[in-house]
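Chemist: I have a structure here, written as structure tokens, and I will follow up with some questions on it.
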Amino acid sequence: MNESYRCQAATWVERGSSATMGGVLFSAGLLGNLLALVLLARSGLGSCRPGPLHPPPSVFYVLVCGLTVTHLLGKCLISPMVLAAYAQNRSLKELLPASGNQLCEAFAFLMSFFGLASTLQLLAMALECWLSLGHPFFYQRHITARRGVLVAPVAGAFSLAFCALPFAGFGKFVQYCPGTWCFIQMIHKKRSFSVIGFSVLYSSLMALLVLATVVCNLGAMSNLYAMHRRQRHHPRRCSRDRAQSGSDYRHGSPNPLEELDHFVLLALTTVLFTMCSLPLIYRAYYGAFKLVDRADGDSEDLQALRFLSVISIVDPWIFIIFRTSVFRMLFHKAFTRPLIYRNWCSHSWQTNMESTL
């Protein structure tokens, strides 16, 4: 047996490991995602009769709901196996001895699946934000809530097919220390192309998705800055244009303040996702191209996996904090009102000068 990992064939949980952190993270993730879904429902996502009092859900909130459900499913399917391993002091391979390595492979598949699916959905959210700000006419004609509902199933289908490749012989799943985690094997003594190739392919795809998300957010930020400049230099025209297009906003076009909320929320989530994804990407490339053919960084690999799992825990809490009325009020007072006041003062000064002349 070509063992490249210290705990690859372990049957017991390594000494010195505790389930406390896993239990806390599971509880925080479960509570956070449930509360996030409640807030989404209260914000109008569950309205069945769109109208003046019940506007239809925006595409952005449909995407947020899909991401939250994905996080919740991942947390409910993965974390109980970790806690069960700690409770019985058995590794994942020994929790169901009759199944052989199947439980470990299922755990690794779920880890890779939910990691990729949530990244794809986050990219869709960033793309939606960029299109709504930079290409509003295209957005109005082609981006609808019905199409937004398809994002989560399509992302799930792609992730399902991609992450199932190890079951077809391309790639391999392995148990990591302390025996409570399984994931994609990132090193191999004989430099197997299928093992190393799938690891590099998965991490490269993740890196590409994270990069595309950052690019979309930078584009959205550039559009927001351009809109702010136009509002400063042409306040009358902006007000007139907004009044003329009021019906369009009521029929699904984003409100400026709502877009600002969405963008800040998306920026925070993207920064978090980038920070939590980079360690895994680095470890995959390091394991594939390092000179020594042995696993000398079990703790580093475990930390990278834990960083990846933190995303589904912290994301909903960011959403909960940001969607509270107190935080929104403080945010709008700190950023939106000063800009409006400054534009009003600038416009008043310009009008007085024109009347004087």
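Along the chain as shown, residues are numbered 1 onward.
Placement of Cβ uses the backbone N, Cα and C atoms for every residue, glycine included.
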Chemist: Is it the case that Swiss-Prot assigns Val149 and Gln185 to the same side of the membrane?
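Modeler: Gln185 and Val149, as annotated in Swiss-Prot, occupy opposite sides of the membrane (different topological domains).
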Chemist: Choose one of Cys76, Cys104, Cys238, Cys276: the cysteine that Swiss-Prot connects to Cys182 by a disulfide bond.
Modeler: Cys104
Chemist: Treating G and I as helix alongside H, and B as strand alongside E, what does DSSP give for the topological domain 'Extracellular' (171-194) in helix, strand and coil?
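Modeler: Helix, strand, coil within the topological domain 'Extracellular' (171-194): 2 helix, 8 strand, 14 coil.
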Chemist: When you check the transmembrane segment (107-127) against the transmembrane segment (21-41), do you get at least 3 Cβ pairs under 8 Å, counting only pairs 6 or more apart in sequence?
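Modeler: Between the transmembrane segment (107-127) and the transmembrane segment (21-41), contact is absent.
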Chemist: Which whole-number value in Å describes the distance between the Cα atoms of Cys182 (disulfide bond) and Asn89 (N-linked glycosylation site)?
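Modeler: About 16 Å separate the Cα atoms of these two residues.
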Chemist: By Cβ distance under 8 Å, which residues at least 6 away from the ends of the topological domain 'Extracellular' (171-194) in the same chain are close to it?
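Modeler: Contacts with the topological domain 'Extracellular' (171-194): 2, 4-14, 16-17, 22, 82, 85-86, 90-93, 104-105, 107-109, 111-112, 165, 202, 283-284, 287-288, 290, 293-295, 298-299, 301-302, 305.
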Chemist: Per DSSP, how many helix, strand and coil residues does the topological domain 'Cytoplasmic' (128-149) have?
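Modeler: Summed by class, the stretch gives 19 helix, 0 strand, 3 coil.
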